[in-house]
Amino acid sequence: MLEPVHQYPRPQHPFFLTTEQDECSATLLMRAWTSAWCCRTQAVGTCMAIGQVESKPTKSDGCHPAFDLSSSCVLVSTIRSHGGGGMGPAVAERRTLVLVNLAAIMERADEALLPAVYHEVGAALHASPTGLGSLTLFRSIVQSACYPLAAYLATRHDRTHVIALGAFLWAAATFLVALSNTFLQVAISRALNGVGLALVTPAIQSLVADSTDDSTRGTAFGWLQLTGNFGSIIGGFFSLLLASTTFMGIAGWRVAFHVVGMISVVVGVLIRLFAVDPHFSDDARSTNELVPRKSAWEEVKFMLDEAKAVMRIPSFQIIVAQGVTGSFPWSALSFAPMWLELIGFSHKGTGILMSMFIVASSLGGLLGGKMGDFLAKRFPDTGRIILSQISSGSAIPLAALLMLVLPDDPSMGLAHGIVLFIMGLSISWNAPATNNPIFAEIVPEKSRTSIYALDRSFESVLSSFAPPVVGILAEHVYGYKPVSYGPNESSSVETDRENAASLAKALYTAIAFPMSLCCFIYSFLYCTYPRDRERARMDSLIASELQQIEMDNVGEVLPESSGIQVSEMALNGKQRSEIDIVYGDDDFEIDDNDERTLLSHKVEISN
């Protein structure tokens, strides 16, 4: 399971020092930081050693003033308000990540339900492949339209509560699908289902990004993809097993929707009760009370400005462009179970083959994430990009082998399984190895939810057209013959094989051309990614200097006795700063206000 990463902040080198007084201040702050770090990490032996050295009643030499351990630990309370605090927060963060991954499992299970039973739903509702594909289109359009709302809620409210709300909403819509008797009712229910799914994805991704650093982020997103794909296995395989059965006169596919809906409600309750958003922990909430809340209009205006700033980043534009083309084939593969059933595979055989593909995709995501982290260390500017081009390029020959070369014969199940496994293992690297880690590097921490929401919005709204396009190609270009689903009518094996061949050609068209464009578009990142990453780092440095000026101004207004509150307000202000500020641990610095707090406390103890 995903391990949270705790990277204790360290002061940056004061390369801008020009006077002896500045050098003395830097020395003092470094010594104070060492003691504060010991207290924060509860390294008792080291703290005591430092305390013995620093508490000696020696005369200050101007550059090395004497101070004791208690004074250095004055900073610990303000540092902990920035997200630290021993084993408690670590355990809560680990528990939260487990529950978040559980939510990802159920989200993907819900998405996989309908495509897995297209054949049965088509028979029950008398729907053609184009009509079945439009069901996914309706859900995706609503889901894409709701991503801005998801970004607003996840940025301004507790993200764990947003995830729980999304789980309740998609569970309700799933129940409605199971109760629907007409195509229109199913279409409306699936559209409502998109609202709940939209709320969950950006919040989950930003929580994972906040819990990792640049060297482990790819692996973390690989684990997230792996656990999410287990949800696809559960939803797809479970619904396929129930599809041909009935329970008390209820069709098996309807029972599958009911079961997934009930489990989703349970997951939502667990997340609401036990998950913790680090931005809304007890320590963070106590410091947030010092900052006045913005009005609703100011919040909306800030979100719009934030979205505009994100969309102006060249690397974001390129990744979204490739994501639109790269997501198209994955949406088209929703017809893969129907294609396998038309070939002649049973429900169980189709479930096993699709499970092999999803398991391979899960392992491929984890493998891609780890390889992305490794190559990013060796080749910081190009490693992740090369890996994604290899992944997207490999989809073209593998899809041709699977859909055009292998015979449409159910006796060739082993060959189909091997190709599906290799294909899933190699084409699933893009998101965990490249897209998600790069997003986290080119924007501030506070804007991560927005960038993930915008990415999903742009990608989903266009890639959602893939299922209808596959249906149109199959019916009007490659000769698919719609089957009449009357009570006394059945399709012949020969007709099914012909339809399987038509659907395979349509699927390959929807995979090969988009993946070729995806591989080509990635090439532009070689020029923009290094520049955008360095710009984000420079913005972080500039923002830290602006924070020093702000804290100096606040220190001149408030009395000296309130030094600790000044430090807390300043640190909390950094948490709530706007898009130009980076909130990562590496950018946290002890500034002049912290020095004054430390010296002021020492004077009080000495007196």
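Cβ from N, Cα, C; glycine included.
Residues or ranges marked as domain 'Major facilitator superfamily (MFS) profile' by TrEMBL: 96-535.
Counting same-chain residues at least six beyond the ends of the transmembrane segment (162-184), those with a Cβ under 8 angstroms from any Cβ of the stretch are 100, 103, 106-107, 110, 113-114, 125-127, 131, 150, 153-154, 190, 192-193, 195-200, 203-204, 254-255, 257-258, 260-262, 264-265, 267-269, 271-272, 275. If you look up TrEMBL, you'll see 162-184 (among others) marked as transmembrane segment.
Here the transmembrane segment (191-208) has long-range neighbours at 2, 96-97, 100, 103-104, 107, 110-111, 138-147, 149-151, 153-154, 159-160, 162-163, 165-174, 176-177, 220-221, 224, 277, 436, 448-450, 452-453, 456, meaning same-chain residues at least 6 beyond its ends whose C-beta is under 8 angstroms from one of its own. The transmembrane segment annotation in TrEMBL covers 191-208 (among others).
Annotation comment: TrEMBL describes 220-243 (among others) as transmembrane segment.
Per TrEMBL, transmembrane segment is recorded for 255-275 (among others). Long-range contacts of the transmembrane segment (255-275) within the same chain, counting only residues at least 6 positions beyond its ends with a Cβ under 8 Å from a Cβ of the stretch, are 95-96, 99-100, 102-103, 106, 109-110, 113, 117, 160-161, 163-168, 170-172, 174-175, 177-178, 235, 238-239, 242-243, 247.
Look at TrEMBL and you will find 318-340 (among others) tagged as transmembrane segment.
What TrEMBL lists as transmembrane segment is 352-372 (among others).
Residues 218, 322, 326, 329, 339, 368, 371-372, 375-376, 412, 415-416, 419-420, 422-423, 426-430, 433-435, 437-438, 504-505, 507-508, 511-512, 515-516, 518-519, 522-523, 525-526, 529 of the same chain lie 6 or more positions beyond the ends of the transmembrane segment (384-406) yet place their CB under 8 Å from a CB of it. Residues annotated as transmembrane segment in TrEMBL: 384-406 (among others).
Per TrEMBL, transmembrane segment is recorded for 413-431 (among others).
According to TrEMBL, the feature transmembrane segment maps to 506-529 (among others).
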Field: Proximity verdict for the transmembrane segment (220-243) and the transmembrane segment (506-529), three or more C-beta pairs under 8 Å
entry: no
